[in-house]
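K.L.:
The ATP binding site feature in Swiss-Prot is assigned to Gly170, Asp171, Arg172, Gln173, Thr174, Gly175, Lys176, Thr177; the stated evidence is sequence analysis. Residues or ranges marked as site 'Required for activity' in Swiss-Prot: Ser363.
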Amino acid sequence: MVSIRPDEISSILKQQITDYDQSVNVSNVGTVLQIGDGIARIYGLDQVMAGELLEFEDGTEGIALNLEDDNVGAVLMGEALGVQEGSNVKSTGKIASVPVGEAMKGRVVNPLGQPIDGKGEIPTSDNRLIEEMAPGIIKRRSVHEPMQTGITSIDAMIPVGRGQRELIIGDRQTGKTAIAIDTIINQKGQDVVCVYVAIGQKSASVANVVEVLREKGALEYTVVVSAGASEAAALQYLAPYTGAAIAEHFMYQGKATLVIYDDLTKQAQAYRQMSLLLRRPPGREAYPGDVFYCHSRLLERAAKLSDDMGGGSMTALPIIETQAGDVSAYIPTNVISITDGQIFLSADLFNSGLRPAINVGISVSRVGGAAQTKAIKKIAGTLKLELAQFDELAAFSQFASDLDEATQQQLERGKRLRELLKQAQFSPLNLAEQVAVVYAGVKGLIDEVPVEDVTKFAAELREYLKLNKAEFIEEILKEKKLNEGLETTLKEVIKEVKSSMLATV
């Protein structure tokens, strides 16, 4: 017969009592009442927060947007083929966040920060909320450093500074993305982290951009966030905020960052789709009343931080697509009023062969002038005015038969200036090259060069400087100003290149 050992039994009971966990897992659970078009109406979830992440039975995630008396309206971030009426939904108690850090560089991710480039998981433990408060006034300082785009017409006439929001606006197929990609390529060696956010683009277009960045060696300091045209509206809506969060991480570490939102028109359309399906009241052009806030809270996150905050910066280049050049539509006017200036691309100029097709007359940079380098500021001061006057005179001269000599001279110089500012795609110029080219045009040193040879002259001038006057380029890149000695050297070089070219013409 087995003997009973009370001491052993009591010790086991004590151990069991000690190990007993009284905590209860309380989760807020609801039931799907209605589902369709990427929207779910859910009964229950009384404790849910606005913007909280929800988890459906099949693992699909959603975001609670409408908190009504008897139900919650949520948008789904995926196809959610397994979700149906009666499915259970659980609130997570979390707001959407995204992985951030050095490991993100060179990767292509979706708006949830998940890699979509086939290179495996991203080894980072840092996370950041997708929606963050913009830095306040005390945390900022005024824009004072240049963000060189490498595009002469922009750096000379519509300069962009670090921490600025400069809108790129124009019809489809006018070279908006090309300007943004050129700017990313030009940041090579500048210790700037770039984030390219593609919203509602064709997957082939995004793959093409990634390939160009890889070829030019720019992917190593760039993060690409892509929400394709086939993705859920909720993901297209979230993509820009994800890009801002990734850039913010580096900004608060004291680094300079550049974010391209390509383009916010498609984000606004995705938000309109979600809002109408959630039965929010429509406003102008059927957009919801808070579409302005949707863009303003995103673009206000771009800033130049004060030295106490580390001195980092986030420069934003949002892109807006217009219909037939109509900048007075709802979304274009909204974003123009939020940003610190706009670069307007004209379809007519593009079709006439002017690339980049920048309409200088209505393009403006409201704060970039303070950040422009002394070298380019000194010589490009009159460039914008001269080109604007040229456009006016060119239109007028079509109807006038006899023009006085001064007007003819102005027209001739304007034609040459316009030719000088033409630039091939993916070939950004450094500051010294820009200074040389603009100086030659503004000072009238190429008035004798035939208009059709101006582009060739500019290329030969740059080549000559690289081969024979490397110290000139180094000096300007180092000092960022054009002193008398450098100016004399430049005049001699221009004269030499011009005479050798005219001799062969």
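Heads up, the Cβ atoms here are built off N, Cα and C, so glycines get one too.
So where do these features actually land, and what's packed around them?
P.N.:
Taking a C-beta cut-off of under 8 Å and a sequence gap of six or more, Arg172 (ATP binding site) has these contacts in its own chain: Glu321.
Secondary structure at Ser363 (site 'Required for activity'), taken from DSSP and collapsed to helix, strand or coil, is coil.
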K.L.:
Round to the nearest Å and give the CA-to-CA distance linking Thr177 (ATP binding site) with Ser363 (site 'Required for activity').
P.N.:
17
K.L.:
Provide, as an integer number of angstrom, the distance between the C-alpha atoms of Lys176 (ATP binding site) and Ser363 (site 'Required for activity').
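P.N.:
Between the Cα atoms of Lys176 (ATP binding site) and Ser363 (site 'Required for activity'), the distance comes to 14 Å.
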K.L.:
With an 8 Å cut-off on Cβ-Cβ distance and a minimum sequence separation of at least 6, pull the same-chain contacts of Gly170 (ATP binding site), or say none.
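P.N.:
For Gly170 (ATP binding site), the qualifying residues are Lys176, Glu321, Thr322, Gly325, Phe344, Leu345, Ser346, Ala347, Ala357.
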K.L.:
Around the recorded ATP site, report the further residues of that chain (criterion: Cβ within 8 Å of the mean position of the Cβ atoms of Gly170, Asp171, Arg172, Gln173, Thr174, Gly175, Lys176, Thr177; site residues excluded), sequence-ordered.
P.N.:
Glu321, Leu345, Ala347, Phe350
K.L.:
Work out how many Å separate Gly175 (ATP binding site) and Ser363 (site 'Required for activity') at their Cα atoms, rounded off.
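P.N.:
On Cα coordinates alone, these residues lie 15 Å apart.
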K.L.:
Distance between Asp171 (ATP binding site) and Ser363 (site 'Required for activity') at the Cα atoms, whole Å?
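P.N.:
So the Cα of Ser363 (site 'Required for activity') lies 15 Å away from that of Asp171 (ATP binding site).
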K.L.:
Could you tell me which of these recorded positions, Gln173, Thr177, Ser363, has the fewest other Cβ atoms within 10 Å of its Cβ?
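P.N.:
Gln173, out of the recorded positions Gln173, Thr177, Ser363, has the fewest neighbouring Cβ atoms within 10 Å.
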